[in-house]
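Residues or ranges marked as ATP binding site by TrEMBL: Gly227, Gly228, Pro229, Gly230, Thr231, Gly232, Lys233, Thr234. If you look up TrEMBL, you'll see 9-22 marked as compositional bias 'Low complexity'. Residues or ranges marked as domain 'UvrD-like helicase ATP-binding' in TrEMBL: 206-614. As annotated by TrEMBL, region 'Disordered' applies to 1-25.
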Amino acid sequence: MHLRQTESAPAAVASPDGAPDPDAARRAALRTEQDYVTWLYARLDVLRERAREALREAHGRGGAGHRQAAIEREVTADEQARLLARLSGVERGLCFGRIDRRDGADGATYYIGRAGLRDEEYEPLLIDWRAPAARPFYAATPNSPGDVVRRRHLHLRDRRVVGIDDEVFDLDRMSDTDRATLVGEAALLAALRRGRTGRMGDIVATIQTEQDRVIRSGLPGTLVVQGGPGTGKTVAALHRAAYLLYTHRDTLARRGILIVGPNTTFLRYIGDVLPSLGETDVVLASVGELVPGVTATAVDGHEAAAVKGDRRMVALLTAAVRDRQRVPDADLTVEVDDMVLRVGRDVCRRARDAARASRRPHNAARPRYVNELLRALARDQAARLGRPLDEEDLRYAAGALAEEPAVRTALDALWPPLTPQRLLRELFADRAALRSAARAAGLDDACCDALHRPAGSPWTVGDVPLLDEAAELLGEDGSAARAAARAAERRRREEEWYAQGVLEIAGLTETAGLDAAALAERHRDRGPGRTTAERAGADRRWVYGHVIVDEAQELSAMAWRMVLRRVPTRSMTVVGDVAQTGSPAGARSWGEMLDPHVGGRWREERLLVNYRTPAEIMAVAADVLAAVAPAQEPPESVRSGGTPPRALRVGEEGLAETLPGLVASELAEIGEGRLAVLVPDARHAEVAAALPDAAATAAPAALDSPAVVLTVTQAKGLEFDAVVLVDPAGILTQSPKGGHDLYVAITRATRRLTVVHEGDLPAPLSRLAAGE
Ligand SMILES: Nc1ncnc2c1ncn2[C@@H]1O[C@H](COP(=O)(O)OP(=O)(O)OP(=O)(O)O)[C@@H](O)[C@H]1O
């Protein structure tokens with residue numbers, strides 16, 4: 001039997017007059033749990049103090065030893081610092097659950113929490129939520145409870161137990177005392193009712209069974225998590241990252257986990273979840289940040305986005321690179337020391353073809369071409385001077401010519417060293433170059449028009465996969481790598497010199513176990529690039545142990561190529577909803593997107609329950625989905641009730657007058673929560689001007705504001721207690737995927753939805769018309 005107890009249900013502890021006393025039962029249960037929780041925190045304090053002490057000792061142990069000993073101390077200190085960070089991260093809500101199992105004759109009780117704790121005898125006091133022993137806490141359902149007799153949720157405020165919820169799966173197996181102290185209220189619904197803060201919270205206490213399957217799915221291969229809005233795809237994927245780090249720490253600590261999200265605001269929104277689970281060593285990046293050194297936030301128009309995401313851009317870029325490998329129109333002539341040196345055009349052509357035939361990337365193949373031409377120039381120079389040349393002379397003369405500015409300019413014009421940035425900047429600013437490359441790729445002039453732009457334009461998100469593709473085609477620019485190595489060597493010497501000064505000032509001699517080189521290295525390691533995540537984030541060619549892609553339906557074919565380069569093992573979690581695709585280059589089906597890369601070898605989990613949007617609002621969204629994508633099923637809302645969604649008609653000039661009052665009254669209704677005004681792209685500035693008190697940028701700080709004006713693209717993945725949706729017809733018609741945008745906009749609301757419209761309500765929203 002399964003029983004979800006309510007607070008009024010327990011009826012076994014008697015009051016003095018013999019009547020059942022539920023309050024006494026509740027107090028008794030709270031006391032028991034408080035005692036245990038107090039004990040757990042005491043243990044946590046002890047472990048933290050030990051880690052702190054070990055850290056102090058590692059830092060303080062300056063004394064004897066050589067460089068090896070210094071490094072060992074550093075490693076110990078590093079480990080203790082991580083342990084301390086992990087133990088500090090789990091302070092809030094340390095223990096959130098308990099299961100009573102039918103283990104053996106007596107049964108057994110296990111407490112579940114954010115971290116595993118053991119006593120001095122190594123007996124478990126608290127089970128880490130990711131450990132196999134915690135699984136029944138999440139997996140037990142009324143239909144298949146396994147050996148779980150009762151699941152209890154504990155609600156903590158600071159270190160105090162302030163509430164308990166019980167789910168009983170087998171009342172007959174419970175002892176009389178335990179039955180007497182049953183208390184409860186559905187923990188999940190309590191969690192869902194909380195106001196939004198602008199930051200996603202963890203759900204470690206209320207993970208649902210279907211989500212648990214996603215979280216604990218094995219590390220190898222590609223897992224697709226498909227689910228409608230609010231089904232917990234994002235939050236489950238983040239818990240999966242924590243679970244994988246716990247279960248495969250060795251592999252993943254070395255290679256790291258990358259989480260790709262749609263934009264920096266979204267990343268900020270989800271950024272607290274992993275630290276609250278004690279995990280910090282993860283790289284979070286938007287598609288626009290995946291090439292180190294470039295931060296792209298500008299967004300392309302629909303045409304440009306569609307072309308840039310098209311797989312044929314590979315052929316276009318390949319052709320564009322080939323176009324930069326030229327032979328002169330006539331013989332090559334260069335003036336050096338008042339003498340005109342000449343190399344025949346056919347010699348240039350042969351040299352270029354040989355360099356291309358090496359099949360090396362552009363920058364790596366360049367020396368073949370350049371060296372061949374330098375030798376030809378040197379031979380011509382010697383002939384004109386009437387000097388014979390042996391092989392050594394030839395090498396020397398070619399080297400000397402390479403230093404001549406006129407020679408360098410001439411050779412750079414034929415086969416320039418290229419960075420991805422330079423290639424793209426110059427290509428997009430040059431219509432003729434674009435046409436030539438596009439023709440080779442089978443793209444028409446309209447595509448060229450969509451790509452063409454002035455040279456100084458900012459990088460867009462759609463450019464970043466192209467920069468990454470270009471980096472592959474170009475290879476490392478050897479000169480840049482050499483310059484970087486020289487700069488690094490210079491820095492190393494300066495740091496050592498500085499470190500020597502520090503040692504002298506501190507009166508520490510080399511016999512103190514730390515010489516200047518070791519001290520410099522230690523400080524260098526402390527700087528950027530110290531943790532796996534930091535090193536990985538700064539290296540375009542880093543290979544991750546696992547990659548999670550959120551809102552994955554928005555990624556174009558070119559963006560997938562970029563992401564997949566970072567995970568050749570294809571150990572990935574792909575999270576999204578093809579019914580929410582807004583990008584013109586995004587996914588229509590997972591097979592279409594993934595099959596070219598993983599050859600059909602991906603597995604899928606579906607999430608079907610919406611934890612965000614109440615049923616009344618979801619009914620409106622379902623009408624929209626039925627109109628724009630009848631084959632897609634909307635998820636089912638876990639809760640109903642609350643304020644019915646409504647529509648509000650205003651005159652055209654009435655928008656600016658209506659919105660401030662409407663937003664103020666909605667804010668008053670939601671109290672501490674968050675509100676978003678969602679608008680068509682073209683009306684963002686107008687609506688933002690009407691609401692000067694609301695944040696109006698998609699910058700991460702906007703999440704701190706009680707009210708924010710956003711386009712639907714900017715609001716993707718986010719949620720708000722109240723949504724004011726302005727001009728639904730404008731959203732519907734703003735792009736070929738406008739219907740999907742409207743679906744996304746409606747499903748951002750957790751409590752209240754108001755649709756403000758000027759003309760007639762679009763047909764899919766007719767359900768709202770009745771209430772006007
Ligand atoms: N098991 C759970 N317990 C408590 N809250 C949950 C649970 N699952 C999901 N939620 C909450 O539901 C909301 C929606 O979750 P999430 O953003 O992960 O959904 P999603 O599927 O990624 O949505 P979308 O596709 O619309 O972006 C969040 O507030 C999340 O915390």
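Glycine is no exception: its Cβ is also placed from the backbone N, Cα and C atoms.
Shown on the structure are the features that TrEMBL records.
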| residue | record | Cβ contacts under 8 Å, 6 or more apart |
| --- | --- | --- |
| Gly227 | ATP binding site | Lys233, Asp577, Arg606, Leu607, Leu608, Pro635 |
| Gly228 | ATP binding site | Asp577, Ala579, Leu607, Leu608, Asn610, Glu633, Pro634, Pro635, Thr747 |
| Pro229 | ATP binding site | Asp577, Gln580, Asn610, Arg612, Thr613, Ala621, Pro635, Tyr743, Val744, Thr747 |
| Gly230 | ATP binding site | Asn610, Tyr611, Arg612, Thr613, Pro635, Ser637, Glu719, Thr747 |
| Thr231 | ATP binding site | Leu607, Leu608, Val609, Asn610, Tyr611, Pro635 |
| Gly232 | ATP binding site | Ile203, Gln208, Gln211, Leu607, Val609, Tyr611 |
| Thr234 | ATP binding site | Met200, Ile270, Asp550, Val575, Gly717 |
>> Give me the count of other Cβ atoms within 10 A of the Cβ belonging to Lys233 (ATP binding site).
In response: 25
>> So, three-state DSSP: helix, strand or coil for Lys233 (ATP binding site)?
In response: helix
>> In the three-state scheme derived from DSSP, which category covers Gly228 (ATP binding site)?
In response: coil
